[in-house]
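Asks: Attaching a single structure in structure tokens format; questions to follow.
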Amino acid sequence: MSVDNWLLHPLWGQTFLLLLSVAVAQAHWPSEPSEAVRDWKNQLEASMHSVLSDFQEAVPTVVGIPDGTAVVGRSFRVSIPTDLIASSGEIIKVSAAGKEALPSWLHWDPHSHILEGLPLDTDKGVHYISVSAARLGANGSHVPQTSSVFSIEVYPEDHNEPQSVRAASSDPGEVVPSACAADEPVTVLTVILDADLTKMTPKQRIDLLNRMQSFSEVELHNMKLVPVVNNRLFDMSAFMAGPGNAKKVVENGALLSWKLGCSLNQNSVPDIRGVETPAREGAMSAQLGYPVVGWHIANKKPTLPKRLRRQIHATPTPVTAIGPPTTAIQEPPSRIVPTPTSPAIAPPTETMAPPVRDPVPGKPTVTIRTRGAIIQTPTLGPIQPTRVSEAGTTVPGQIRPTLTIPGYVEPTAVITPPTTTTKKPRVSTPKPATPSTDSSTTTTRRPTKKPRTPRPVPRVTTKAPITRLETASPPTRIRTTTSGVPRGGEPNQRPELKNHIDRVDAWVGTYFEVKIPSDTFYDNEDTTTDKLKLTLKLREQQLVGEKSWVQFNSNSQLMYGLPDSSHVGKHEYFMHATDKGGLSAVDAFEIHVHKRPQGDKAPARFKARLAGDPAPVVNDIHKKIALVKKLAFAFGDRNCSSITLQNITRGSIVVEWTNNTLPLEPCPKEQIIGLSRRIADENGKPRPAFSNALEPDFKALSIAVTGSGSCRHLQFIPVAPPSPGSSAAPATEVPDRDPEKSSEDDVYLHTVIPAVVVAAILLIAGIIAMICYRKKRKGKLTLEDQATFIKKGVPIIFADELDDSKPPPSSSMPLILQEEKAPLPPPEYPNQSMPETTPLNQDTVGEYTPLRDEDPNAPPYQPPPPFTAPMEGKGSRPKNMTPYRSPPPYVPP
């Protein structure tokens, strides 16, 4: 009881305060005392419930999670209160309603209980998310306990832009960027990344935004991340731009942007050095994990809200004002939320109203938003029921225009009967020229709104009478739920040409595409060019045919084509822009088709033989463009302009093309080898990656890569061995090494080896020159040496140059050798008895015989004595005429 008494004291205090507030309320609103008392009772009941809730056992109920909204390109984050759904020991499962997994753009973190993601343009619409709790059963299966379903509606990229800017921040003191005025452009900084958002998981997208948030210190809700559309990486309206660290774009590209201010220019833009320098030097790329292609700053025009069309609650009787409604008021779109016993979402039925952008007003008001000069006037007779006119059906008394543009005829607004709820029928009713007075049609129950028909061309020959009801009826009062003057009475104005397309350049065999800029035309009612209907025509108001080499997609407003050699020259086309009212503006421009960009100088020619008949490919421009796109995709190039189609011939389908990314000079052999290995093996068999890129439209049979231009002597992938009768072809170079090793070998081959050879030649030449010089100088004396030996004479030997170690020989010692042998005996003469020799010539001996036998008693011949003194008449040098001593006599050992 003490606890109860302690709890009742604050209860009585609260009761006293409530009674005091009731008294004050009664003093101010004495006419409604019952409401104040009833409000007091409710507050008292709530107070009692809050005091005694701790002592009551809570009944497990399903807690509803509020619905959420997301915007394309913006981060979405919501915390799921799992503690209110699941108790201890239960497992939380989050998935799409009726499915096993979440949508592809959402990520669930079971630890932090946060559901986050970043939707793309393909994720627009309403997504129903189911949060269920399950308990592990005895058999190991999960037994569902409770479940809750909520919805997330994804709006387009330009929807509700200021709300994302004015998002509440976690820090109360944080300065939230102010929204710009309605007509004021928003200055946006955009960073281009070499990434593909479609290949990322939701977690990777959010992590990319978080890394950019930590790098740039920009709040997460202020950043936008969208993929690149139509290869438009850079904005042509940017007034500031800079490069990144990426040299080549590989992926599709992603644009990460945030707001800088309102209508800034180059002088008033804030300091961007924190983006410019890191993007160029690679610091931003290292932080984000993706290469940065560049950045730019541009002013974006705000997107004007589209005028909405609503059903008109009117009666067939013309009155000055619309009275109270007699039909049931349509309820806003409803959604079926499953209970814990049936967690599945029921399929949509015929009782569900069509989705609308804004809630349907509760009061019976009429909102009329028309485009063009359309005046709501009552008709003279009963209104005909809605009729769907088939193609080729002629309605009597009706003006039939010569040209009907589909997609711009307004739907007929109908009145919903009081007891039924139907979907809005999407039918169009032509306006009758003369009101019908047939009595059989006087019981009309579904009056129709005045339809919008295209303006008739003056060439119409129908002359049916037309009744103009402009002043015969009283003016109709129109109520609108929004402020502003209705535009129903304003005349439709013709679109204006703001910026000419002027000229488009194209090359033979190269695919091109041109996105019509949004500022080309402008219409006061329909605004920019992307809201208008564009049509490409020839000079004679003739539409471009399906087989023309130039095609135009009116939905994406993209002009593309693939010219061949017969289209070289200048071609004139006309772009017609038509608004919703049928008025149009025209811009004339020229397409200049040039010859092939590389001509016959391409370093390599790629040739592929495909299965099938070449005639359908040659005659169908769409198939040719598809083939070029597939070839570019097989090489890893997203830009199709890198492929130049040379020829398509017979022999199945023989396609010959060149790659515009290869340099012309010098021969890029390594790059060609790399491209060849990517699509085929050494024998010319297509690789699986190349075949998969062409399938299912084309099937590759064989591939050949032949050098041309600077590489004309090389053949990289042979198609077939040369025939015996043909001349000897150059040897095929089969690359059997890695490209890096081949590059190093080329460096040695073209740089190191020639340098060594030249150095060796110079060294040998130097050695030969030095030898020749030394040989020529040998035997020649210098001037000093020549001066020394210029006089002839006996050399002078000084006294100190003599060897005096041995004493001179004594005079008593004979001058002959001590071991000298005795002299030979004297010769024998012919007078001796036995001659020692026999004359060689007997005739000669016979001549001298009488001389020997003349005097036998004569003495033997005695030789004369030797000379002891010089002969007279010959002078000799006097003694001691030289200043040096004679050398010592020879002394035998």
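We count from 1, first residue shown onward.
Note: Cβ is positioned from N, Cα and C throughout, glycine not excepted.
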Asks: Per Swiss-Prot, which of Cys180, Cys640 is disulfide-bonded to Cys262?
Replies: Cys180
Asks: Looking only at Cys711, Cys772, which is named in Swiss-Prot as the disulfide mate of Cys667?
Replies: Cys711
Asks: Here are some residues: Asn659, Asn880. Which is flagged as N-linked glycosylation site in Swiss-Prot?
Replies: Asn659
Asks: Taking 47-69, 507-529, 530-552, 553-575 as the choices, which stretch does Swiss-Prot tie to region 'O-glycosylated at one site'?
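Replies: Result: 47-69 is the stretch Swiss-Prot calls region 'O-glycosylated at one site'.
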Asks: Hey, which of Asn647, Asn831 does Swiss-Prot call N-linked glycosylation site?
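Replies: So the answer, going by Swiss-Prot, is Asn647.
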Asks: Would you mind checking how many other C-beta atoms are within 10 angstroms of the C-beta on Tyr890 (phosphotyrosine)?
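Replies: A count of 8.
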Asks: Quick check on the domain 'Peptidase S72' (601-710): DSSP residue counts for helix, strand, coil, in that order please.
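Replies: Secondary-structure breakdown of the domain 'Peptidase S72' (601-710): 43 helix, 31 strand, 36 coil.
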Asks: Per-residue pLDDT averaged over the region 'O-glycosylated at one site' (47-69) comes to what?
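Replies: Overall, the region 'O-glycosylated at one site' (47-69) comes to a mean pLDDT of 53.
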Asks: Based on DSSP, name the secondary structure state of Tyr890 (phosphotyrosine): helix, strand or coil.
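Replies: Where Tyr890 (phosphotyrosine) sits, the three-state DSSP reduction gives coil.
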